[in-house]
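Asker: Okay, here's the structure, questions in a sec.
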Amino acid sequence: MAVRASFENNCEIGCFAKLTNSYCLVAIGGSENFYSVFEGELAGTIPVVHASIAGCRIIGRMCVGNRHGLLVPNNTTDQELQHIRNCLPDSVQIRRVEERLSALGNVTTCNDYVALVHPDLDRETEEILADVLKVEVFRQTVADQVLVGSYCVFSNQGGLVHPKTSIEDQDELSSLLQVPLVAGTVNRGSEVIAAGMVVNDWCAFCGLDTTSTELSVVESVFKLNEAQPSTIATSMRDSLIDSLT
């Protein structure tokens, strides 16, 4: 399912949230409305956590993560790190990274198996990515843009890339990521896809300006209409078996 949201009248919600299959981080804000949208969709399946990183609210651009782990920049405070650690599942590894390109969400993007990174990312950061997030790492550009984390969003089901990505590039990226890709936009024509949306395997959140056409493309490529969080599917299956026995 795809849901529209805005953060204090700002439609770039991908800047203020980080969504994975095992947790969701939401920026600390003056209004609870934004948090409530996530809580309403995700409650009972994964923890939704208020957080800031390095004193910033743009947490979606500052960190990178999947269900295995979370990487945050080196200037994240001890207090912030401890708060996130306390709220996330024990299986999720959290690591600070010493990286010149410190807005990790802009220069890296990943699902639970593969990561695309900025061509100039440190070798050490690449190794930490592979180790903590348990992913295969590829240095790549998207539509000749080095900020792969800004112009590409993908889950384990599918992905959305910059609208000017050529068919050849789409095919190459798709074979690397092993998921189908579509070139598109969010927020009524915005090319900065990752700033306008967040997605996991069963749910997507897009900026309030996103048109119904863009929303239907998101639901289609990320296979959201057929997806369910595994915990819900399991409990439904269990109750069905109970009622039949």
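Backbone N, Cα and C atoms are what each Cβ position is placed from, and that goes for glycine too.
So Swiss-Prot says this about it:
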type	residues	note
MOD_RES	TYR113	phosphotyrosine
MOD_RES	THR165	phosphothreonine
MOD_RES	SER166	phosphoserine
MOD_RES	SER174	phosphoserine
MOD_RES	SER175	phosphoserine
MOD_RES	SER235	phosphoserine
MOD_RES	SER239	phosphoserine
MOD_RES	SER243	phosphoserine
Asker: Going along the chain, which residues six or more apart from the residue listed as 'phosphotyrosine' have their CB under 8 A from its CB?
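Answerer: The answer is VAL135, GLU136, ASN156, GLN178.
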Asker: Please report the number of other Cβ atoms within 10 Å of the Cβ of SER174 (phosphoserine).
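Answerer: SER174 (phosphoserine) is surrounded by 17 other Cβ atoms within 10 Å.
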Asker: Fill in the CA-CA distance, SER166 (phosphoserine) to SER174 (phosphoserine), as an integer in Å.
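Answerer: For SER166 (phosphoserine) versus SER174 (phosphoserine), the Cα atoms are 12 Å apart.
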Asker: Please work out which residue of THR165, SER166, SER175 has the most C-beta neighbours within 10 angstroms of its C-beta, and give that one of the modified residues.
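Answerer: The most densely surrounded of these modified residues is THR165.
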Asker: Rounded to an integer, what is the Cα-Cα distance in Å between THR165 (phosphothreonine) and SER175 (phosphoserine)?
Answerer: 15
